[in-house]
Every structure is written in C-alpha cells, then in structure tokens.
Amino acid sequence: INMENASSVKEFILLGLSENPRVQKIYFVMFLAFYLVTVAGNLLIVITVISSRHLNSPMYFFLCYLSFVDISYSSTTAPKMIASLLVGSKTISFVGCMAQLFGFHFFGCTEIFLLTAMAYDRYVAICRPLHYTALMTRRVCGCLVMGSWVGGFLHSILQTLLTARLPFCGPNEVDHYFCDVHPLLHLACADTRVLAAAGVVSGGAIALGCFIFLLVSYAVILVSLRGQTSVGWHKALSTCGSHITVVILFFGPCTFIYIRPSSDLAGDKNVAVFYSVISPMLNPLIYTLRNEEVKRAMRKLWCTKV
C-alpha cells in the first residue's frame, strides 16, 4: 500500500509534553531514567525466568512474555521522545509516524491480551486447583500467547491502514509525544467521524471487553475463597495482588483514552504517560517485590553469575 498517495505531508512535528526548555530538561532526565529502569527491570525478569529451573509454571511463562512486550512497547515511543527532548528535533517522517502507530498499538494490544490470559491462569489455579495441570498445559499456554500476538497484530494493522490512507495536507503538528490515532485524526483534511467511531469500537471494545473479563474472573476468585482459611486467602491474594495492581495501572488510563472520541488532546497525552511509560516500568517492580519465588531465583542467578 502506498502510504503517501493521498498526502502532501511528508513529515510530522511531535509537539511533545511541553514547549518550555527548562521543563524539557527535567523531562529528559526523568524519562531517560524511567526508560532505563523499564528495560533493565524487564530484561532481568526475562533472564531470570529463562535461566531458572524453578520458575517453570504457566504464571512465569506469561510473565516472561509480558516483560518482553513491555520492553518492546516502551521502546516504540520512549527513545524518540527522549532524543527529541535532548536534541530539540521534533520531526518524524510519515512512514516513521505510521510505524510508531503500528508498534504502539501492536505491543499495547498484545499486553492487554496477555494480562487477560494471566487472569485466566490465576482463575484456574485458585478455583480449579485439581485440574490445573490438565487445563494449563504447555500447549494451552503457547496458544494463549500466540493468540495475544495475533490479536495485537490484527488490531494494530487495522488502525494503521485506516489512518495511513487518510489525506494529510497540513498543518502537520501532532499535539502528542508520539503518533497515535486520535491526534492524527485531528490533522486529516477529510471527514474522520466514521474512522473515529471505528477506532473507539476497535480499541475501546478490546480494552473494555478484556477489563470486564478480568473483573469477572477476580469476582469469581473472591467468591470461591469464601470458605478458605486466612492462610488460603493470603496465598491466593498474594499471587493475584500484583496482577490486579498492574491491571488497574494499565487498563484504567488506557480504557479512559480509547473508549471515547477524543476532544481534549492536551489532557490525553498526560494520561498516556501512565500506560506508555509508567506502567511498563512498574510491572517488574510489582511482580518481583511481591513474589518470593522470583526474588529467590534472582538472588540465585546473581550469586552464580558473580
């Protein structure tokens, strides 16, 4: 598909989070630190899970993929934003913009499906413990991960192709720190109401549908724990607690942005910081700080390497 057929615009200018040079310097230090923590933390989890014989349950299989997706997800937006804060060059080519849009939705949507698969895993572990090994086989886990990737790809290719075919004839200033559907729709010189509605249906339905599935699965887990002892409650909630925290941090802002047609772009980009920068950074911290098994495996890995 010739992406540039209908557009006289060959590049976009990403306005970023602030025009103030002093604030930009603060943002540069802050977001560089966030990005380095995100990559290091998630990479540590991937290495720990792969190299530890004890972390071979489905929960860690999913966690390993989630960490890989988090690295890729934050890498689609953070390096470009950090570089533009440092150098001051805010331009991005049309093809680069579409590639960023594709990558962001691909990894973001894959993460949504992975978190949903992890909730199903927790549901089976707590509500059907006797059937757990039969239900959560390697093959089932592999299919769930594969399905997450395919779902993410189909969603993002749809969003990207619909946006890329729009005519852009100027202005070319994107009121955001990365290329996303809503701010680009505002720049198109065509009626984008149908496309905006399609975006809300596609992005919003996925986020909201998975969020409802997650809430229902946790409601069922809580109901099934009614007759449990305090030890059983504690054990179940410790494995679910970290997952619930991640889900709220990621899904809350994400659903808020994509479930409605966008009018306040300035507010949207501030909310986007939560699910594009902060959530991928906190995931490894949340999962390791609350999980003794992962901490033990990390200590073991560290001791053998040292």
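Each residue, glycine too, has its Cβ placed from N, Cα and C.
Model, not experiment: these values are computed from the prediction.
Taken verbatim from TrEMBL:
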| type | residues | note |
| --- | --- | --- |
| DOMAIN | 41-287 | domain 'G-protein coupled receptors family 1 profile' |
| TRANSMEM | 26-47 | transmembrane segment |
| TRANSMEM | 59-78 | transmembrane segment |
| TRANSMEM | 98-120 | transmembrane segment |
| TRANSMEM | 140-158 | transmembrane segment |
| TRANSMEM | 194-225 | transmembrane segment |
| TRANSMEM | 237-259 | transmembrane segment |
| TRANSMEM | 271-289 | transmembrane segment |
**Prompt:** When each of 59-78, 194-225, 237-259, 271-289 is checked against the transmembrane segment (98-120) for Cβ pairs under 8 Å, which one has the most?
**Reply:** 59-78
**Item:** Dominant neighbour of the transmembrane segment (237-259) in 26-47, 140-158, 271-289, by Cβ pairs under 8 Å
**Value:** 271-289
**Asked** Which sequence positions outside the transmembrane segment (26-47), separated from its termini by at least 6 residues, show Cβ-Cβ distances below 8 Å to it?
**Response** 16-18, 63-64, 67-68, 70-71, 74-75, 78-79, 81-82, 85-86, 277-278, 280-281, 283-285, 287-288, 294, 298, 301
